[in-house]
Amino acid sequence: MKKEIKVAANLLQQGYVVAIPTETVYGLAANAFDEKALAQIFEIKKRPLFNPLIVHIKSIDYLHTIAKNIPAIALDLANHFWPGALTLVLEKKSIIPDIVTGGKNTVGIRIPSHTIALSLLEKLDFPLAAPSANPFGYISPTTSEHVKKQLGDKIPYILEGGSCEKGIESTIIGFENNKPILYRVGAISKEEIEKIIGKIETKNTASASPEAPGMLSKHYSPKTKFFVSENISDNIENNINKNIGFLLFKKTSQPLSYNKYIQLSLNEDINEAAQNLYAAMHRLDAMNFEAIYAEKVPEKGIGISINDRLYRAQEENFDFTIE
Ligand code: TXA
Ligand code: MG
């Protein structure tokens, strides 16, 4: 593995964009201080420039190199959750170029909890700006294969790191008048965060110019029409002979043939479901169904984040009738 990390480090030092593994999803990384390299991220992803990038750092100490006026609560959260799937949006220092932050005076920062990503960061004397390594609006990648399929011809290297352990993007917290605000639900549940800092307000809504455009209402979408259902057994029953795929959380008692569905976790384990979510969406999307119905998961803990991603993947006009 050492050799591969060195290859990635060399390319990044030369200003190339490289896909890297993290515990949440794969990222499309570049030197966070190199504007030319950063511009390529936006080009490769076809990502609008107003949509800021997350900066990945190697240590809590390093935080002070790129952020200032850091609220005490932010440090508490960093100490508790880093390395981990929590992104903190903090006031940026001028060393962070505007292209990273979409012109905002804040920057999203986290330490990834992935040994390969951390060894890579150790080798570099700059942090890595990295959005998820998918074309804008499409399903996030949780394996190197996903990255290869979507962006393989556009980047010089994909650093292999296995399947992502969490499978869903980081939770994003920012501050308004020193008060913490939850901007994106993610791999760390709101409950876990509230255990450390008490009740936190959520602003996880879609709008034309959202704080975190990961919240744009249509996002994380497969190419196949995608619908979320609260009553999947009815949907299965009504569509059993049609070319429709199902993304299930619970075991179904209906006679659905094996090539028509994926169950996210055989034990109905919510963490495993999160881990498998995007891979299952990628697979169903490649199966040429006319549409995919996804079962809403129990709305608690990490299930809230899974449902968030399912609803964002959903067709905007929910008037689904296939004859
Ligand atoms: O788990 C993750 O967060 C992954 C891995 C690669 O670290 N990254 C990821 O990046 O999900 P991306 O670009 O797909 O989503 C980052 C989100 C965006 O929606 C962006 O708007 C938000 O973070 N963000 C970044 N900086 C921000 C800022 N200064 N203010 C508000 N939102 C910000
Ligand atoms: Mg993304």
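Just so you know, glycine gets a Cβ as well, placed from its N, Cα and C.
TrEMBL does not curate its annotations; it predicts them automatically.
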Given TrEMBL lists Thr24, His56, Ala130, Ser170 for L-threonine, the same-site residue among Arg47, Arg110: Arg110
Additional site residue, Tyr16, Tyr62, Tyr157, Tyr220 [criterion: listed by TrEMBL with Arg47, Asn51, Thr106, Ser132, Ser140, Arg184 for ATP]: Tyr220
Annotated binding-site residues Asn51, Ala130, Ser132, Arg184, Tyr220, filtered by Cβ under 6 Å to ligand 2: Ser132
For the domain 'YrdC-like' (2-188), the mean pLDDT of the predicted model: 97
Where the C-beta lies under 6 angstroms from ligand 1, the matching binding-site residues among Asn51, Ser132, Ser170, Tyr220: Asn51, Ser132, Ser170
Binding-site residues compared (Arg47, Arg184) - the one with the fewest other Cβ atoms within 10 Å: Arg47
Check: same-chain CB within 8 A of L-threonine site center, minus Thr24, His56, Arg110, Ala130, Ser170: Thr22, Gly27, Ile54, Ala85, Thr87, Pro112, Glu169
